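These notes are about the structure you will find just below.
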């Protein structure tokens, strides 16, 4: 419920009254003085909201426009959070005593004449330091300005633009605009891959849904069962159920241990935060879902709050092959997945804009935004949506069916970049017609001889060895041992371990697993559940 309310706040924001202000009274610590908009807006970003006073109920903010100051007022019971730049529940807003976001001192990166020796750049103060020290996560300038200009576009040590002479498959793939087909294959010889992914805990609330979609009777043109990818969060997950999904050939990836609802925790997370959350989640899954084949190689950030270079440094060190958290804005031609050795080929879109700026040996399974227009022939200006359940205008099964087919055609008729359908299971279960329409769509697509429902790792396998449709039936990477599922579930009656951890005081949680029960409920400081004491 809290998460739903949080997501709705951005929509509410658009509905508030807009007031044009030409001259305003600003309350400072030493009393009120009249300030005109030109002074207030000097060097201030046009999309940044700020307060004129700290008095009142913390609901009013303004931003700068060409016609003056525009004011918005949050609904009753909410307050404006300057850090998040949106309305939120008043009890959660801690900056009502501030007029604006802290102003950061920027380094001096561009000058008509060099002010530093070669190999060095200037801090905001004019002091020169080594170029390599900029945007390394540790302030080296006295004014800390070397860590204040670190986006994909301005990081002095950012990854270079795509160079196809250096970037070669199977290890590297890039293109100038992201739309190039791997291997230079003609579009009509490219399999249209569709990836169905689910985020969150796997448990009794959704395992029946997964059984209905992946019922074992739906096969790709090569005779193998269709596959999905599950980004698993830890709390409330049934590890016997995860073990069964893996046995059936689905891909298991990580979605964190804690799934903390503080967005800044993810956006500004340290290397150690990402290590504990994602490598820890993999350790828990491998142990309690008994997955021993080193196949857990994918990461998705909670709330798609990408963690910048720190997240990707951790991933490279821990042998995570891909991330699936970055969204590409809706465009006429969709983007193919790419490696991050070179600069990402599209705008840093989505939550908090903390995309990696450096070069990383990691694949990005980019999430192309879906076109949510109910009638594509009607030129309606609606933003794209990256997760199907964020397409808030989709309310009926018929609308969902049109969304699926329209977006399939967008990919199929252009460069056949993989079509990603990303879900939270609760959305598909909220209306039976949504589930029925998805199944109908899957079965309709499988009547074609050039459409494959694959896991994300299968997409990478094809991209590393681009193979035309005429030879795909025998494509070895897609016909491995799990093409045909054999045997029975590992256990029919898993252990239902009632466990506690001092990290979650007062909570007793059930850990369902075919393995032995641990001493404690696994959590971020104790991912094995064996206890906090470390033997020396």
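Yeah, the Cβs are placed from backbone N, Cα and C, and that goes for glycine too.
Annotated in TrEMBL:
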| type | residues | note |
| --- | --- | --- |
| DISULFID | 116-128 | disulfide bond |
| DISULFID | 123-141 | disulfide bond |
| DISULFID | 135-150 | disulfide bond |
| DOMAIN | 38-98 | domain 'Chitin-binding type-2' |
| SIGNAL | 1-21 | signal peptide |
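For the domain 'Chitin-binding type-2' (38-98), the model's average pLDDT works out to 85. Cβ neighbours of residue 135 (disulfide bond) (same chain, under 8 Å, six or more residues apart in sequence): 146, 147, 149, 150, 155, 156, 157, 309, 357, 358. Here the C-alpha separation of residue 141 (disulfide bond) and residue 128 (disulfide bond) works out to 8 Å. Of all the Cβ atoms in the protein chains shown, 24 others lie within 10 Å of the Cβ of residue 123 (disulfide bond). Each of the disulfide-bonded residues 116, 128, 141 was scored by the number of other CB atoms within 10 Å of its CB, and the largest score is that of 141. Residue counts for the domain 'Chitin-binding type-2' (38-98) under DSSP, split into helix (H, G, I), strand (E, B) and coil, are 7 helix, 21 strand, 33 coil. Counted within 10 Å of its Cβ, the other Cβ atoms near residue 150 (disulfide bond) come to 22, all protein chains included. Distance noted between the C-alpha atoms of residue 123 (disulfide bond) and residue 116 (disulfide bond) is 10 Å.
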